[in-house]
Amino acid sequence: MAPRLLLLLLAFLRLGTTGPLVQGRGFRSPTVAWPSFFNFNQPQGVQETIQIPNNGSAPLLVDVQVFVSNVFNVDILRYTVSSMLLLRLSWVDTRLAWNASLYPQHAVTLPWDSLWTPGLTIQEALWVDWQDQSPRARVGPDGHVDLYLALTTETNCDFELLHFPRDQSDCNLSFYALSNTVLELEFRAHAVNEIVSVKREYVVWGLETQIPPRQLVPCFQVTLRLQNTALKAIIALLVPGEALLLADMCGGLLPLRATERIAYKVTLLLGYLVFHSSLVQALPSSSSCNPLLIYYFTVLLLLLFISTMETVLLAALQARGHLSARSSPIPTPRGEQQDHGDLGPHPEEAPGVKESRSWAEAADHIFFLVYVVGVVCSQFFFIGFWMWATCKSDPAPGEAIPHGGQPRL
């Protein structure tokens, strides 16, 4: 009883002082600047001296409220997402309770390192930045403890990019209490969406929490459901690609014998090659379930290549037939040989030249019709495939083998 009275007396005296006041038996002074339960750089030799509160035969129940205030820096090329969270941890520690009739204090605040706190680790975190380096816990007369932790973290996320730029992905933040077992500690988690800004490329349209089953250590998981607004990708990727394809079809209306047609087609092909090289760097890639846009733009490249090759081949065949017809002599009556030089600057073409030209133009016209029909059909086919296509990602290495991932029962 004496240590508890000494603890309460020191807690009440803190109202008139500025330093860390709650010290005594069973408490320790701060040893690191950051909270130990998220400090990845803390030496392994540092051991907790305060034991978890005893809740009898049942595990200690810690109620967790996760307030998500911002999600930003969604990088699909690095498969990372940054978020700002506020954690509210609540539990009951009867060792900190006092008689409210003798000490009429509604609540006291204690340093985080003066009492037991659950040691949490974010499994997917690359780094964690704390807004408050010295959080304080609020303790009620019944031993009810409230601890608020504000943090900014960057985590890994397995984006589902098959339908990019209209993709929807679930990003998980898994919190593990590795210093306790499920027989000692149990979490009950809730999530609240407090995001007020919608001016983002990726917006959070859903927020869920769950307790993963069959775990050896206590844990809870927060799932952020992200959806791409797609406006940037449509303007930067789809519009230029469709414009080049439409320009290529319009180029088929130029006469085959016009020298500008070959230059026009080659210029479009070279321009699309430059666009395609930058496109490959802008689109994400994955070991499985790559974006459908990668295949779509590859098909567009093949269509432009086929259209350019058709123009070059038919123009070459037409020119070769024209030269062969010019080189062969045309038999004419002797009386008409004197008048051959009076035909003017545009003499009548040889029959072989007309035949080769008409054959090439007919083939070009047929190819143009087939090409237009093929392009239109490919667009409808891709739209249907986009709507109905599904892809299941390959299992992660930690799930494919029995000994991988977190320990399971």
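Cβ coordinates are placed from backbone N, Cα and C, and glycine is handled just like the others.
Positions annotated as signal peptide by Swiss-Prot, on the basis of sequence analysis: 1-18.
Residues annotated as topological domain 'Extracellular' in Swiss-Prot: 19-233 (among others). Across the residues of the topological domain 'Extracellular' (19-233), the predicted structure has a mean pLDDT of 85.
Taken from Swiss-Prot, the feature N-linked glycosylation site applies to ASN55 (among others), supported by sequence analysis. Counting only same-chain residues at least 6 apart in sequence, those with a Cβ under 8 Å from the Cβ of ASN55 (N-linked glycosylation site) are LEU61.
What Swiss-Prot lists as N-linked glycosylation site is ASN99 (among others). Under the DSSP three-state reduction, ASN99 (N-linked glycosylation site) is assigned to coil, being neither helix nor strand. Listed in sequence order, PRO141 are the same-chain residues at least 6 apart in sequence whose CB falls under 8 Å from the CB of ASN99 (N-linked glycosylation site).
Spatially close to CYS171 (disulfide bond) yet at least six residues away along the chain are VAL81, THR155, CYS157, ASP158, PHE159, THR223, LEU224, LEU226, judged by Cβ distances under 8 angstroms. Summarising the annotation, Swiss-Prot assigns disulfide bond to CYS157-CYS171.
If you look up Swiss-Prot, you'll see 234-254 (among others) marked as transmembrane segment, on the strength of sequence analysis.
Feature annotation from Swiss-Prot assigns topological domain 'Cytoplasmic' to 255-265 (among others). Assigned with DSSP, the residues of the topological domain 'Cytoplasmic' (255-265) fall into helix, strand and coil as follows: 7 helix, 0 strand, 4 coil.
For the transmembrane segment (266-286), same-chain residues at least 6 beyond its ends with a Cβ under 8 Å from one of its own Cβ atoms are 76-77, 79, 159, 161, 164, 236-237, 240-241, 244, 247-248, 251, 293-294, 297, 300-301, 304-305, 308, 393. Look at Swiss-Prot and you will find 266-286 (among others) tagged as transmembrane segment, backed by sequence analysis.
Away from its own ends, the topological domain 'Extracellular' (287-296) comes close to residues 160-165, 167, 237-238, 241, 280, 382, 385-386, 389, 391-394 of its chain (Cβ-Cβ under 8 Å, at least six residues beyond either end). The topological domain 'Extracellular' annotation in Swiss-Prot covers 287-296 (among others).
Cβ atoms under 8 Å from those of the transmembrane segment (297-317) belong to residues 237, 241, 244-245, 248, 251-252, 256-257, 261-262, 265-266, 268-269, 272-273, 276, 279, 356, 360, 363-364, 367, 371, 374-375, 378, 382 of the same chain, restricted to positions at least 6 beyond its ends. Annotation comment: Swiss-Prot describes 297-317 (among others) as transmembrane segment, evidence class sequence analysis.
Among the features that Swiss-Prot reports, topological domain 'Cytoplasmic' is placed at 318-365 (among others).
Marked as region 'Disordered' by Swiss-Prot: 325-354.
As annotated by Swiss-Prot, compositional bias 'Basic and acidic residues' applies to 336-354.
Per Swiss-Prot, the feature transmembrane segment maps to 366-386 (among others). The list of residues near the transmembrane segment (366-386) in space but at least 6 beyond its ends in sequence, with Cβ under 8 angstroms from a Cβ of it, reads 163, 245, 249, 252-253, 292, 296, 299, 303, 306-307, 310, 314.
What Swiss-Prot lists as topological domain 'Extracellular' is 387-409 (among others), and the listing cites sequence analysis.
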Cβ contacts under 8 Å made by the topological domain 'Cytoplasmic' (255-265) with residues that lie 6+ beyond its boundaries: 248, 307-308, 311-312, 314-315, 318, 357, 360-361, 364
Coarse DSSP state, helix versus strand versus coil, of ASN55 (N-linked glycosylation site): coil
Secondary structure content, the topological domain 'Extracellular' (287-296) (per DSSP, counts of residues): 5 helix, 0 strand, 5 coil
